[in-house]
Amino acid sequence: MASPASAMPDARNLEVYSDANRLGIYKNIFATTEVRDFGVMGLNDKISSIATNGVSWCFFDHVGFGGDSFRMGAYQYKSNLTADGWNDRISSAQVC
Ligand SMILES: [Ca+2]
């Protein structure tokens, strides 16, 4: 399922992984401005590392953008969310 070589990544592109250091289940989320429930991709309370691309994203403890949250700027990478107290905790996210 290769993409055309000319395809450009969407600026809102967000990479999430179920394990630290970009390992485990991987989802490349693009062409959207929110993920209301990571459960739809099997990643509710399972994300352990994240990379943002062209925009900043906010991440939430609960589905539907509820509970505690934290923000990551554009082009940031967190190799292990345990250091931030967020390992296996994120349930939703939106561009912010
Ligand atoms: Ca949660």
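Any Cβ shown, glycine's included, is placed from N, Cα and C.
What TrEMBL records for this protein:
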DOMAIN    16-94  domain 'Beta/gamma crystallin 'Greek key''
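The average per-residue pLDDT of the prediction over the domain 'Beta/gamma crystallin 'Greek key'' (16-94) is 96, rounded to a whole number. Helix first, then strand, then coil: DSSP counts for the domain 'Beta/gamma crystallin 'Greek key'' (16-94) stand at 8 helix, 35 strand, 36 coil.
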